[in-house]
Amino acid sequence: MTTRAIYPGTFDPITNGHLDIITRAASMFDELILAVAASPHKKTMFSLDERVALAQQAAAHLQNVSVTGFSDLMANFAQAQQGNVLVRGLRTAGDFEYEMQLAHMNRHLMPTLESVFLMPSKEWSFISSSLVKEVARHQGDVSHFLPAHVHQALLEKLR
């Protein structure tokens, strides 16, 4: 049986912390779908199409990773994609509480959908897209936390 995992997120923008999780998840599962959420309730810096394109370029070196945008309920999206595992990153205890609620709801909606939680490597454990954007807005150097093409796109957005 092929294990098709889905790693959903807003990825606004995709960071090296996300890539850490993506790379490790790609080595664990037959296929990994990087699902970029439309997130209409969030005020994103990058459009959905831009976030998908940035993620595609960031993950291009991983043969078993595909990238797609979505706006559906996660359980419905997973079912449509024939996904059987959700991958989520955990940085803090607060992340765990929220992710546990989501995992239980997703399991209720799609009983065959498992949630797997990965902790980022220590180097990326404090990174979030929001923090990176905030530091960049104040002219802080965030190049270490982003793939080079994403860093360039962020600088262009902030001009």
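Every residue number used here counts from 1 along the chain in the order it is shown.
Glycine too: its Cβ is placed from the backbone N, Cα and C atoms.
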Annotated companion of T10, M74, R88 at the substrate site, Swiss-Prot, chosen from K42, K122: K42
Greatest inter-residue Cα distance in Å for the ATP-binding set T10, F11, H18, G89, L90, R91, E99, W124, S125, F126, I127, S128, S129, S130: 19
DSSP state at R88 (substrate binding site), helix/strand/coil: strand
Site of maximum Cβ density within 10 Å, from binding-site residues H18, K42, R88: H18
Entry from the binding-site residues list T10, S125, S129 having the most other CB atoms no farther than 10 A: S129
